[in-house]
Every structure is written in C-alpha cells, then in structure tokens.
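> What follows is a single structure, and I will ask about it in a moment.
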Amino acid sequence: LREGITITDASAPDHPIVYTNKAFLSMTGYSREEVVGRNCRFLQGRDTSPAAVRTIREALARHQPVTVQLLNYTRDGTAFWNELRLEPVVAPYSGKLLAYIGVQHDVT
C-alpha cells in the first residue's frame, strides 16, 4: 500500500493543503482541485473521535509531531481508519514553523 502524503502551509490561517500525492487522492476519492486550499478536517465525520481530533490540535499548538488513528470518510461517505502522522517542518536557523507533512495510511 502506498501512503497518502499532504503538505500544509503552517503560515496560512487554518493550515490549508498545498500539496497532495496521488495515493491520498485515491484513498479519499477526492480530486486535487477539491483538496488543495482546504484543511484536512473535511475527512472527519459524525463518528470521528473528538479525543483524536483534540490530540491533533494540541500537538499542532505545540508544534510537535503526532501520530493518531482516527475514523475518516471518503468523498462518497465510506468510513476508513486512518493512521495519521503529522511532522512539523521548521526553518533551520529561525525556528519558524513553515509547514506540516501529513502521512495517511489506511489501517481499516
């Protein structure tokens, strides 16, 4: 299985996706045009764990890496278990947070 990859712009409000690979699009059923410019929370749905979402938010606020498993939904509403790993990308000299790299793996 290939892993989905997303890169978000940490300097922009709401961390919009600026890059995604074909594996992410295949996994979620969305087109690149539907994904780029949006926050990844569009994959969440009614049974997504609030605790998992809170864990992600807390790690983002601290600029720390995080790995969680959460229930996400494809474009057609099919639920899948996503093992999500987020890694901050920090400028080497300034320490400024530039981006997050997200790695998504379907562990259903």
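From the backbone N, Cα and C atoms, a Cβ is placed for every residue, glycine too.
Not my notes, these are from TrEMBL:
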- 1-63: domain 'PAS' (DOMAIN)
- 64-108: domain 'PAC' (DOMAIN)
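Are these features on the surface or tucked inside, and what are their neighbours?
In the predicted model, the domain 'PAS' (1-63) shows an average pLDDT of 94.
Residues 1, 3-11, 15, 18, 24, 27-30, 34, 40, 43-45, 47-49, 52-53, 55-56 of the same chain, all 6+ positions outside the domain 'PAC' (64-108), place their C-beta atoms under 8 angstroms from a C-beta of that stretch.
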